[in-house]
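Asks: Sharing the record's features from TrEMBL:
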REGION    53-84  region 'Disordered'
DOMAIN    92-196  domain 'Transglycosylase SLT'
DOMAIN    269-364  domain 'M23ase beta-sheet core'
REGION    364-393  region 'Disordered'
COMPBIAS  377-393  compositional bias 'Basic and acidic residues'
């Protein structure tokens with residue numbers, strides 16, 4: 001018994017001496033284990049979110065035609081934003097399918113109606129993201145909330161489908177005219193379209209139709225180009241940096257196949273890029289300037305185009321189109337930064353055919369001189385301008 005008591009006394013003494021130290025390290029180990037658990041869990045969660053995000057990007061890239069969507073609010077009524085708010089991207093797609101009208105037209109229409117504000121209202125009594133009058137909402141709202149953006153876009157799809165059916169006979173086989181008449185009916189009513197056998201001669205309605213179809217082309221154009229389909233220049237870009245040819249402009253439409261209402265089939269293959277001054281609408285835009293030293297080699301007056309050739313190697317050809325005026329002559333030599341003309345909307349021999357923007361084409365050095373669109377020598381301007389530091393920020 002005495003031996004056991006002695007052993008117990010030694011254990012007690014050791015515990016008294018080392019117990020606090022062991023307890024301290026025990027607590028520290030528990031805290032360390034807890035922190036490791038949190039870090040691992042956060043990493044797994046972040047990885048899952050990243051994988052989901054990448055999956056969404058891959059899915060978007062895999063679509064043959066998909067309008068851009070982004071987080072954040074839409075732009076102003078002049079079309080400064082080129083994107084559909086992410087929360088409404090799927091709604092726009094469904095409304096497009098319901099109405100049988102391209103997504104970019106639906107997007108441009110909502111931009112014009114409310115700038116994507118579901119609480120918007122007008123003095124006339126129109127309400128919501130698609131600006132429905134209460135009586136019309138009673139028919140097409142299907143019990144939804146007129147101030148709910150998702151309900152509003154769904155109702156827009158149903159209403160546009162109905163209006164399209166009401167004006168289809170007047171449009172005949174012209175699918176582009178059918179879209180114009182449907183938009184006119186939404187703004188002025190189908191009765192006005194029938195009465196005038198076309199878009200009514202009301203300034204508001206004509207502006208409404210022109211703005212939406214114009215922005216549908218240059219602001220919400222569908223990117224239908226499959227991955228890797230664009231023809232890119234793979235030769236020597238030469239020495240030195242270039243200058244942005246459209247100062248202050250935004251990129252609005254890329255190179256390659258697309259699906260834009262109002263354009264003939266041959267023009268659906270976009271052989272250049274579009275850059276536009278935000279808010280220009282159908283007015284004159286910014287000065288268009290020479291990105292590098294070049295020589296004027298020709299003109300296409302009907303589309304406001306000036307054709308040039310790069311003076312240094314590799315000797316690209318350029319077309320600066322839709323300008324409302326130009327300040328150069330055939331054979332004139334231009335220095336980098338020289339003004340070529342004024343950004344505009346000249347197309348098909350007149351102004352107002354498209355929203356104001358610069359359509360820029362680049363041709364390989366083997367192109368016939370002067371170059372002409374669709375001559376099989378067009379190349380994608382975007383990677384070249386980016387490489388030269390001349391791409392809009």
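Cβ coordinates are placed from backbone N, Cα and C, and glycine is handled just like the others.
Note that the coordinates shown come from a computational prediction; the quantities given were computed from them, not determined experimentally.
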Asks: Averaged over the whole of the domain 'M23ase beta-sheet core' (269-364), what is the pLDDT?
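Replies: Computed over the domain 'M23ase beta-sheet core' (269-364), the mean pLDDT is 90 on the 0 to 100 scale.
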Asks: By DSSP, what is the split of the domain 'Transglycosylase SLT' (92-196) into helix, strand and coil residues?
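Replies: Taking each residue of the domain 'Transglycosylase SLT' (92-196) in turn, the totals are 71 helix, 3 strand, 31 coil.
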Asks: For the domain 'M23ase beta-sheet core' (269-364), how many residues does DSSP put in helix, in strand and in coil?
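Replies: Helix (H, G, I), strand (E, B), coil: 3 helix, 45 strand, 48 coil.
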Asks: What are the helix, strand and coil residue counts for the compositional bias 'Basic and acidic residues' (377-393) according to DSSP?
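Replies: Going by DSSP assignments, the compositional bias 'Basic and acidic residues' (377-393) contains 7 helix, 2 strand, 8 coil.
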